[in-house]
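First comes the structure, then the notes that go with it.
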Amino acid sequence: WEKNKRYVHTHTHTHCSGPCMDISNKASGEIKIACTYSVSFEEDKNIRWASRWDYILESMPHTHIQWFSIMNSLVIVLFLSGMVAMIMLWTLHNDIARYNQMDSTEDAQGEFGWKLVHGDIFCPPRKGMLVSVFLGSGMQILITTFVTLFFACLGFLSPANQGALMTCAVVLWVLLGTPAGYAATKFYKSFGGEKWKTNVLLTSFLCSGIVFADFFIMNLILLGEGSSVAIPFGTLVVILALWFCISVTLTFIGAYFSFKKNAIDHQVQTNEIPRQILEQSFYIKPLPGIIVGGILPFDCIFIQVFFILNSIWSQQMFYMFGFLFMVFIILVITCSEATILLCYFHLCAEDYHWQWRSFLTSDFTAVYFLIYAIYYLFSKLQITGTASTILYFGYTMIMVLIFFLFTGTIVFFVKVD
């Protein structure tokens, strides 16, 4: 390390030695003042290289807020876990045991609720192609997020290396095209679809194309404003080459192997003519359930959303990847349990259209994320100008779309299992 590194202006006769320089009130015209500075670096051999950023985490005034948020999230998880356990171990267990002990069909005629829709529960959903495409893209984002946060927690992605986190996420997303194609084709085939090539093309280009188009427009605005953070044209060409040559190819490979395998065996005979759904109460209808379903997951993450937005728009360093990874796991559990509860209530009301409802229930967390981002814009930031506002909402919509696919995929896989 260099010690007492000093920089002195050489183009001026001003010296740093001697008494402080006074500026007379009688001075007129332009006055040039040369400033100097000195920096002293001292090596602390007691601090390990892997722990060099810990002092930032310990000195941050909001660390206790992070722990309070995590404890609040754990309370929500425990509450939901108790509800799910009560339903699974008490209600469902007793109902299934009593249902298996029936000797004749006459005894079953008095049944009601979820037991009456067992033959319709796996009917193909409306727009099954779109559901499978969202699931494939969501699987790609889910694995990318998990691996990126895991590497960040291990210290491989240092906050001092700007761009390392985003570079790792983009590379992982490109290399994880195979799970996306496999998952999308697997569910599409279980829905009775046969146009697997169309399904793969949509999985490769629909959501990714929306994100890239949004990002390209934002980059054009940055170039027009002369910003130094605009991505060069060559880098965009490289990203497109990775997308078309690697990601799309891997997606087709995953879809090919998935289509060659048998469809998901639900071990339940599906009725050819679905039952008629009775008139539902207001709180059982799709929209109220979807709105309520996103409240608890967002309550678990809104503190982390605040710090993430600060790191992006307020130029604050984000180093709390351990907290973020714990909140990520809590979010997965909360979304799964909240959707299981709501799905059980809907099935008890003899409504077997659970596919889209399950996907959208936790997805409404992304809507709350958008609402909070709008609140953050007007309460915390001082953005002026049309270009800056468009940039804020453009990048926010990318995050909302990624969050939409991510949360919906979580609960759908939990439901199928």
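Each residue, glycine too, has its Cβ placed from N, Cα and C.
According to TrEMBL, the transmembrane segment annotation covers 67-92 (among others).
The list of residues near the transmembrane segment (130-157) in space but at least 6 beyond its ends in sequence, with Cβ under 8 angstroms from a Cβ of it, reads 50, 164-165, 168-169, 172-173, 176-177, 179-185, 187-188, 191, 193, 199, 202-203, 206-208, 251, 321-322, 324-325, 328, 355-356, 359, 402, 405-406, 408-410, 412-413. Look at TrEMBL and you will find 130-157 (among others) tagged as transmembrane segment.
Away from its own ends, the transmembrane segment (163-188) comes close to residues 128-129, 131-133, 135-137, 139-141, 143-145, 147-148, 151-152, 157, 196, 199-200, 203-204, 239, 242-243, 246-259, 261, 263-264 of its chain (Cβ-Cβ under 8 Å, at least six residues beyond either end). Summarising the annotation, TrEMBL assigns transmembrane segment to 163-188 (among others).
Annotation comment: TrEMBL describes 200-223 (among others) as transmembrane segment.
Taken from TrEMBL, the feature transmembrane segment applies to 229-257 (among others). Long-range contacts of the transmembrane segment (229-257) within the same chain: residues 136, 170, 173-185, 196, 199-200, 203-205, 208, 212, 216, 219, 222-223, each at least 6 residues beyond the stretch ends and with a Cβ under 8 Å from a Cβ of the stretch.
According to TrEMBL, the feature transmembrane segment maps to 290-313 (among others).
Annotated transmembrane segment per TrEMBL: 319-347 (among others), in sequence order.
Long-range contacts of the transmembrane segment (359-378) within the same chain, counting only residues at least 6 positions beyond its ends with a Cβ under 8 Å from a Cβ of the stretch, are 131, 134-135, 286, 289-291, 293-295, 297-298, 301-302, 305-306, 309, 313, 335, 338-339, 342-343, 389, 392, 396-397, 399-401, 403-404, 407-408, 410-412. Annotation comment: TrEMBL describes 359-378 (among others) as transmembrane segment.
TrEMBL lists 390-414 (among others) with the feature transmembrane segment. For the transmembrane segment (390-414), the residues of the chain that approach it from at least six positions outside its boundaries are 134-135, 137-139, 141-142, 145, 207, 210-211, 214-215, 217-218, 221-222, 297, 312-313, 331-332, 335-336, 339-340, 355, 358-363, 365-367, 369-370, 373, 377, 381, 383, judged by C-beta separation under 8 angstroms.
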